[in-house]
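Participant: Handing you a structure now.
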Amino acid sequence: MTDKLIIFDTTLRDGEQSPGASMTKEEKIRIAKHLERMKVDVIEAGFAASSNGDFDAIHTIAGLVKDSTICSLARANDKDIQRAADALKPANSARIHTFIATSPLHMEKKLRMTPDQVFEQARLAVRFARKFTDNVEFSPEDGSRSDLDFLCRVLEAVIAEGATTINIADTVGYGVPELYGNLVKTLRERIPNSDKAIFSVHCHNDLGMAVANSLAGVKIGGARQVECTINGLGERAGNTSLEEIVMAVKTRKDYFGLDVGLDTTQIVPTSKLVSQITGFVVQPNKAVVGANAFAHASGIHQDGVLKARDTYEIMRAEDVGWTANKIVLGKLSGRNAFKQRLQELGVSLDSETELNAAFMRFKDLADRKSEIFDEDIIAIVSEESALAQEQEHYKFVSLSQRSETGEQPQAKVVFALDGKEVTGEARGNGPVDATFNAIEGEVGSGSELLLYSVNAITTGTQAQGEVTVRLSKSGRIVNGVGTDPDIVAASAKAYIAALNKLHSKDDKLNPQRS
């Protein structure tokens with residue numbers, strides 16, 4: 001049995017199924033590059049048969065990412081599997097992940113199939129997938145609520161057909177650690193050919209036990225792959241959190257006895273990127289990546305940490321990518337210094353054009369804000385990278401406001417519509433409301449505002465504001481993000497970014513869950 005734990009990240013597939021977390025192809029590519037930089041073993045880049053957009057994203061990521069295995073989900077039918085294989089053609093290392101439900105409830109109510117039909121479809125699906133790659137994963141959806149004898153029968157058959165990874169899905173988060181761990185152990189013991197495959201765990205967090213169940217599957221059950229997402233992103237209560245799994249196994253190697261090959265210093269930067277793109281803010285007390293994860297307010301704790309860090313810290317903040325807020329550049333800093341700092345932060349841009357645009361944004365910010373922090377630089381680069389890769393139907397130009405006590409504020413927004421400048425003016429219940437009304441008065445998108453959120457990127461009154469706007473139209477939900485020291489300007493940028501995503505519509509098939 002290998003002493004390495006394989007990390008399978010499904011942020012781009014299962015994580016994206018969280019309502020409001022839909023990502024564009026360009027955003028998926030940015031996250032995939034960060035995951036590769038982190039040395040994630042397997043990246044599930046999407047569900048190729050769900051939409052042309054997902055197919056294109058998988059195909060592009062497969063061509064760009066060379067150091068991680070790229071995976072596509074596929075239902076247990078030839079059409080889905082063929083689509084996955086086509087999307088994965090450019091990959092250095094490709095995996096097809098096929099699945100079918102095996103619980104009595106799912107077979108009867110959802111699939112309307114008999115156990116024998118499910119057995120045959122699972123077996124034939126793996127056989128067909130093996131025509132394209134030797135790396136085939138099979139998941140029995142709702143495996144934790146499946147009949148044990150039937151589950152053993154199905155898994156023995158798919159391993160015989162060539163499945164190299166068997167993923168035990170706790171699809172609805174029903175499992176508890178001891179029972180789930182013993183389920184994985186029992187399957188490995190009872191299935192005669194279980195030694196021919198790596199067993200994997202995939203847990204949801206409906207009862208708050210996704211990480212605990214996954215770790216039990218590893219320790220008790222002998223699983224050697226964990227399926228997880230950055231920040232625990234996922235539908236309902238989310239998925240197993242990658243950062244918590246990795247740091248638990250790494251910090252408690254004395255207990256788990258396993259190695260993880262990830263560069264953990266990339267955890268926090270990747271967490272921040274996913275949070276910014278999806279608009280899902282990380283709670284301050286979230287383990288590993290929360291803002292308070294390494295903060296000590298108690299005087300006793302502070303005294304202990306000052307004397308010896310290991311009195312109250314079992315991990316080092318810098319080991320997961322936390323950096324202290326420090327002034328790094330100023331208005332007199334040149335392009336080379338800016339580029340050098342990007343390299344030190346592990347931030348890459350795809351072209352000199354993007355670098356030049358980011359540098360100009362930096363110089364503009366330095367004229368308006370006396371102290372520039374690493375977080376400011378990362379926010380600038382992230383937004384410029386997104387703008388460079390997105391097709392901008394609308395583009396923010398300028399904003400002016402007027403308000404007086406006792407009167408409704410008025411906003412005037414200038415923005416480009418396919419290269420032609422238009423001006424919108426409106427009043428509202430506040431400056432942000434007036435700004436959105438001014439934009440909407442010219443655009444007439446008919447969208448509904450679902451979320452408006454503001455976060456300070458750094459500390460102090462000069463901090464840049466990062467605004468997330470979530471819009472909904474015709475059942476489609478998109479996020480837009482904008483940053484600026486002026487919160488209202490950041491709001492306008494975020495609203496326009498969301499409108500651009502609505503304009504580039506990609507209809508996606510709602511996949512079955514694993």
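Even glycines carry a Cβ here, placed using N, Cα and C.
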Participant: For the Mn(2+) site, Swiss-Prot lists Asp14, His202, His204; sort out which one of Asn182, Asn193, Asn231, Asn239 goes with them.
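Facilitator: According to Swiss-Prot, the candidate sharing the Mn(2+) site with Asp14, His202, His204 is Asn239.
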Participant: Among His202, His204, the binding-site residues in question, whose Cβ has the most other Cβ atoms within 10 Å in this structure?
Facilitator: His202
Participant: Could you pull the average pLDDT for the region 'Regulatory domain' (395-514)?
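Facilitator: That region's mean pLDDT is 88.
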Participant: State the three-class DSSP label for Asn239 (Mn(2+) binding site), counting H, G and I as helix, E and B as strand, and everything else as coil.
Facilitator: strand
